[in-house]
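Step one of this worksheet: look at the structure below.
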Amino acid sequence: MTRKIEAEGFRLDINGLRAWAVAAVVLYHFGVPGVSGGFAGVDVFFVISGFLMAGIVCSGLDSGCFSLGGFYLARARRILPALIVLVLAVLVMGWFLLLPGDYQMLGRHARESLLFTSNYRYLSEAGYFDTASHAKWLLHTWSLSVEWQFYLVYPLVLLVLARWMSRERVILGAHILALLISLAFCVLLTVNEPEKAFYWLPSRAWELLLGSCVYLVGRNFRPEPSVARLMELAGVALITVSIVFIDSSMPWPGALAVPPTLGAALLLLAKRQQSFWTGTTLAQWLGARSYSIYLWHWPLVVALAYFELQATPSWIGLGIVSSLVLGHLSFHWVENPSRRWLALRSNARAAIYLSTCLIMTAVTAQLVRRSGIPERLPEDVQLVDAERQNRNPRQDECLDDEARCVYGGKEVEALVFGDSHADALVTAVAAAVPTDQGGVYFRGVSSCPFVFGAKRVDGKGEGCERLSQEVLRDLPQLYPGKPVVLISRTTVYVMGRTALEESSGRPLLYFSKKYDESTPEFLEEFKQHYVDSVCTLSKEHPVYLLRPVPEMPVNVPKSMGREMLLGRSVEVKLAMADYHERHAFTWSMQDAAVTQCGARILDPLPYLCDETFCYGSRNGRPLYLDDDHLSERGNRKLIPMFAPIFAEGAPR
């Protein structure tokens, strides 16, 4: 392929650069102040991996002894043993600590991690920077999946290039072209779909290709000592500035990922082996153990969040020290012994051993994924956890913009419109109908309040608008004069999500234009559309408005089950003062609809609250299936509230 150069041997600077990367990532994940951009350490790892892979493949091609199978086996020997041990350890931990739903999720994530497809699994779930990420014990394996996917493709491409392009500059040019295409794709995707940009190989490949380009350039590049020092200082500065000044609120990776990766490239090109920045004993110790430290640190971060200790400095310090200790033990007891042992076996035997361990672990993860094995838990914990699934049995059928469902008997006595909160309560409305023949007509769409003209900020509201238009068109002919019950989580659309859901305070809906916060102008516009919608319906129907259902500060069954596993009992509740502070605007808006349109109020507070608290559980049993949706058990408490709609003499 290209002319062979003298082997450089073990590079202290690469090992030291690994130390920088793993230190940044670990400190960031444990929430240490001053490293808000520590996640860029993963990008530095990508550059290092690209550099090393280019070196392995190019050296093999130069010597004429490159083996594709041998390359893949060498990568498996390096990555799999420590990863398999970690996955097994986390699965064992989950047996004792996790509820069935969480254990199922862990099994799913374990399987995807071992198949090196976890980046796509996490892409389909909540974002890397979301609060929910701290419930994912193997989230950090997304980067291993990206690297492995690169390992599968890169040597194949390089083999083709080597066959058809013998000149080194042409091969380097092909690398640079691919790098620029991937970088441009990454920048554009970060603007439009940042989660995809974060997790996809095509939008991350440029970072690995940058490392490959550095290797190809470095084959013929020998900087003078003074130039090398300047390059190293510039590289250190770029990485440090990125770690200190970038934060998770900024678009990432995109163009902001260029400085830390460029810094890593400069350090690799400088080739300084006796350096204050990368050559110290501490840097070499961390660098040698960086892979194992990286593997073990994240489950410890999640463990602190699980036990609600993530904000306690002493526990944070213990978590960091434990990451180093477990990384050291993994390095000495798993990484090194397995590498040496497998190296003494033939490639075929090594492949069989690794495949057997991988398959057995993946099968174990799959068994966990299928059920969560609830039988391992005490009966009272199983009972509490089961409430998470105690939802409207017809939800999949009826919570859809095209669905038209009747609950109860065939004779429609009332109509319920709204979002997933309406879906959570419609069976209680139907249960309040006094006759077996009477039923309730339901139409609803998740995340769609019944407010004419409202558009979702995320652009996914076509079903909302269609539902409103069809109801306005069809209602007078279908069920003239029947009572209409409007149920929705109105406050979340106006004020944004709760702290539990990673609140940004940004409204979820808009009318004339989008707002970043609930300004007086937005509130007035929302109120006008809301009241107009109620008044439009009130012309032909009695309209009932449900006051907001209390939003609990935690996922009720999940929190209760976790506390019970830890030997603690807890009743979930919300201070009444917090409820009224959160929902004051919604109440005032509903009061305006009562005054202007003659609507009637349905108030759930007397059934769910006392003078001081609103309750998410009673007598050790959840009333909610999450933090804000009442379960089928919980909504039974509201049947008496809905009964007056159908009482003799009620408006028709």
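Start at 1 and count along the chain as shown; that gives each residue its number.
Cβ atoms here come from the backbone N, Cα and C positions, even for glycine.
As written in TrEMBL, here are the features:
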DOMAIN    13-326  domain 'Acyltransferase 3'
DOMAIN    399-644  domain 'SGNH'
TRANSMEM  12-32  transmembrane segment
TRANSMEM  44-72  transmembrane segment
TRANSMEM  79-98  transmembrane segment
TRANSMEM  148-165  transmembrane segment
TRANSMEM  172-191  transmembrane segment
TRANSMEM  252-270  transmembrane segment
TRANSMEM  291-309  transmembrane segment
TRANSMEM  315-334  transmembrane segment
TRANSMEM  346-368  transmembrane segment
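Panel annotation: around the transmembrane segment (148-165), residues 1, 49-50, 53-54, 57-58, 61, 66, 68, 71-72, 75, 79, 116, 119, 171, 174, 201, 205, 208, 212 of the same chain, lying at least six beyond its termini, place a Cβ under 8 Å from a Cβ of the stretch.
The stretches the transmembrane segment (291-309) and the transmembrane segment (346-368) do not meet in space: the count of Cβ pairs below 8 angstroms, excluding pairs fewer than 6 apart in sequence, stays at fewer than three.
The transmembrane segment (79-98) is in contact with the transmembrane segment (346-368), judged by 3+ CB-CB distances under 8 Å for residue pairs 6 or more apart in sequence. When Cβ distances are compared across the two stretches, the transmembrane segment (44-72) makes contact with the transmembrane segment (252-270), since 3 or more pairs at least 6 residues apart fall below 8 angstroms.
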